[in-house]
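Student: Pulled from Swiss-Prot, these are the listed features:
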COMPBIAS  354-374  compositional bias 'Pro residues'
COMPBIAS  525-541  compositional bias 'Pro residues'
CROSSLNK  Lys844  SUMO2 cross-link
CROSSLNK  Lys872  SUMO2 cross-link
DOMAIN    841-891  domain 'G-patch'
MOD_RES   Met1  N-acetylmethionine
MOD_RES   Lys18  N6-acetyllysine
MOD_RES   Tyr714  phosphotyrosine
MOD_RES   Thr819  phosphothreonine
MOD_RES   Lys879  N6-acetyllysine
REGION    336-549  region 'Disordered'
REGION    601-635  region 'Disordered'
REGION    722-878  region 'Disordered'
REPEAT    15-57  repeat 'SURP motif'
Amino acid sequence: MEMPLPPDDQELRNVIDKLAQFVARNGPEFEKMTMEKQKDNPKFSFLFGGEFYSYYKCKLALEQQQLICKQQTPELEPAATMPPLPQPPLAPAAPIPPAQGAPSMDELIQQSQWNLQQQEQHLLALRQEQVTAAVAHAVEQQMQKLLEETQLDMNEFDNLLQPIIDTCTKDAISAGKNWMFSNAKSPPHCELMAGHLRNRITADGAHFELRLHLIYLINDVLHHCQRKQARELLAALQKVVVPIYCTSFLAVEEDKQQKIARLLQLWEKNGYFDDSIIQQLQSPALGLGQYQATLINEYSSVVQPVQLAFQQQIQTLKTQHEEFVTSLAQQQQQQQQQQQQLQMPQMEAEVKATPPPPAPPPAPAPAPAIPPTTQPDDSKPPIQMPGSSEYEAPGGVQDPAAAGPRGPGPHDQIPPNKPPWFDQPHPVAPWGQQQPPEQPPYPHHQGGPPHCPPWNNSHEGMWGEQRGDPGWNGQRDAPWNNQPDAAWNSQFEGPWNSQHEQPPWGGGQREPPFRMQRPPHFRGPFPPHQQHPQFNQPPHPHNFNRFPPRFMQDDFPPRHPFERPPYPHRFDYPQGDFPAEMGPPHHHPGHRMPHPGINEHPPWAGPQHPDFGPPPHGFNGQPPHMRRQGPPHINHDDPSLVPNVPYFDLPAGLMAPLVKLEDHEYKPLDPKDIRLPPPMPPSERLLAAVEAFYSPPSHDRPRNSEGWEQNGLYEFFRAKMRARRRKGQEKRNSGPSRSRSRSKSRGRSSSRSNSRSSKSSGSYSRSRSRSCSRSYSRSRSRSRSRSRSSRSRSRSQSRSRSKSYSPGRRRRSRSRSPTPPSSAGLGSNSAPPIPDSRLGEENKGHQMLVKMGWSGSGGLGAKEQGIQDPIKGGDVRDKWDQYKGVGVALDDPYENYRRNKSYSFIARMKARDECK
């Protein structure tokens, strides 16, 4: 392929060369971005099929080829220093794949194909524009020719059309119609007038009133053409009515289209046009397209040269694309030939240097250097295991368990200082089949099972992401030998580290490079690798990483407490049972003693709930029988519960334990008091609440307009109101004169005598001191006789009888002689639980209010601004307060101040009257 000539302008040449280099390095996405940004820049017309497009494509191909060669050259150099591999001498050499980041041949071909398509689309758009411009120019020339033939004054016609456009009166339309009929002397005259109307209506800047009023003029002319039999003018209007009507109809909205459509109905009714024209007018888009095609055929002599020029450009682009593809194929073939020529001497030398394969030894080597091979169908290469020197016991002490007799099989290849379960591949049963349970998993090793059950399949890459770290080589010997290991003890006693780089089963260690084997009861493929949940980060709105409750319950056996949970799947199950074929691990001095009830279900979980997720961040790694059941109090000194990120990065739900139920006013929280939740299983109530939250709305659980449950927080607000009342009651009872005043007086508040006393009628019984005296008298009346109690109550409550408007008293019972639910001692200072005075959901009024949109969580009213408790039946109010509405505060400070001032004023007036 010959190199096209570069542009003479050095600046433009530099732009093309630099862009070719950038596109070769960054890929076709960079070219797309450049085309979008520089689509209006004339300097970048070469990207859209303009001049020097061929030079740009050739330059781009050369840059890509040079980049591939530069990246392949360093790969060929170290190949000579590699150790010889036992390959067949005549095996064909595979082509060297392109370096990472360099586009392959298929990518280059696809990029060229995409460029070709973009160029074709751009050229087609340019062709359409040029064809339209050529047709418009031809039409204008035709109009000029008719104007020269007829010698009509179009300025006079425009002067008559302007009043029609402005006012559209009958006189203006009549004047325009008369001028047209008076000048319709020949077909050229008629064509000139009709063409002038078409140009005025189809112009780009024409507004709707101009088009509509001129169409009204055409309608009037058509009517008179039919009456006067003016066939020449009618034929001229038939040629231009399609673009006039279709353009006006498609350029306006629907309400304005109806005005134009009425004219079409009138034309169809009167029969001004034939059926073909009526069909085009009924489908404006189709009719306009047919009209444009007619113009192209009519002016084909002007259109064909434009179309041929663009067709040649498109064909040139296709030819360049084909040549580019052919050039790439040839270059690839040449590279393969050169590669074969370079590798032939090397392969011959390898064949000569390769010794004959030795006979298979009778016994395997004690420490093989080559990693164990996997099954032939494994798609991944086996993971390189550490050498045997890394697993020697410290101090030269050998594992006494390894000296025992071993059975035949793969265990014979294991050195005596390595546990047999460490890197021994286990046979994997096909999917859908379980391994036979006759053989115990560890028949020849005296130690317990590993902390992580070995999995051996093609999914070991999930656990092999961090094995390149040097930290893997620092593992100690297996903890089930007789040598205590302090580092292993930290795996059970040290809390999990919050950093995601460290696995959750070690204080600072990483997972040993076990051969991972899929669980025997797992029936499906493994999900992608997932990290453990980050509880020190804001949570996702919905955790879809966990399976729903009781998912595949019968397919997973329970696990032993010392086993690591199947971390990639985020499954967790009751951690009490251990499979029957695998006993509990042998005791080791570095381990905790197993609980006596290790084979029993823990008290907080059973086999019915295998949906417990992984323990939260901060779990200290203890087995479940060493943990308490639902710790009622959080140990704030526990370092595993202290978050190590700023408080604003934590989930908002961690603030909930710091807000007490009785708190109702703003109280700033101390970020140092925030603690992570302790490990505890979800309760039945929590699981039921989660299921109810995601359940669809029903009649019992309606939703509001925003999609939330209507009464979802009713119980919470109800409990919060109870706690708030209880706190207020305790504050009132904790005073020096009322320490025992309200303890048992509620039960007797309704059974007092109804006697009155005239002595207290003139006293100010509504003050706060009067309320205190009543409380004091009632508290003392419990330890006296009934008559004295009655006398004390009658003296202190002569006007209020048995009621008080103090905040602690909420509602009077209907019964005349209620009794307290429980009788504590006379010296008891604990207040009895205050019964809830709010109406329950069984109340008809409550149900009616809920149906009308009341949420039920606050006060009455649309904005919940009213009272929250039912109206008290017998509240005694002052004379000026008795007619106030429901929900009006009676302890308004301004009203109280005005009332106190009025007392002094009335007293002065009475004193003045008495002096007179």
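From the backbone N, Cα and C atoms, a Cβ is placed for every residue, glycine too.
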Student: Near Lys18 (N6-acetyllysine), which residues of its chain come within a Cβ-Cβ distance under 8 Å, counting only those 6 or more away in sequence?
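Tutor: In sequence order there is nothing to list, since no residue at least 6 apart has its Cβ under 8 Å from Lys18 (N6-acetyllysine).
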Student: Would you count the other C-beta atoms found within 10 angstroms of the C-beta of Tyr714 (phosphotyrosine) for me?
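Tutor: For Tyr714 (phosphotyrosine), the count of other Cβ atoms within 10 Å is 15.
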Student: I'd like the number of other C-beta atoms within 10 A of the C-beta of Lys844 (SUMO2 cross-link), please.
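Tutor: Its Cβ shell of radius 10 Å holds 8 other Cβ atoms.
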Student: Going by DSSP, how much of the repeat 'SURP motif' (15-57) is helix, how much is strand and how much is coil, in residues?
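Tutor: Helix, strand, coil within the repeat 'SURP motif' (15-57): 34 helix, 0 strand, 9 coil.
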Student: What whole-number Å value do you get for the CA-CA distance of the residue listed as 'phosphotyrosine' and Lys879 (N6-acetyllysine)?
Tutor: 37
Student: For Lys879 (N6-acetyllysine), write down the residues of its own chain that are at least 6 apart in sequence and whose Cβ falls under 8 Å from its Cβ; none is a fine answer.
Tutor: none
Student: Average pLDDT across the domain 'G-patch' (841-891)?
Tutor: 73
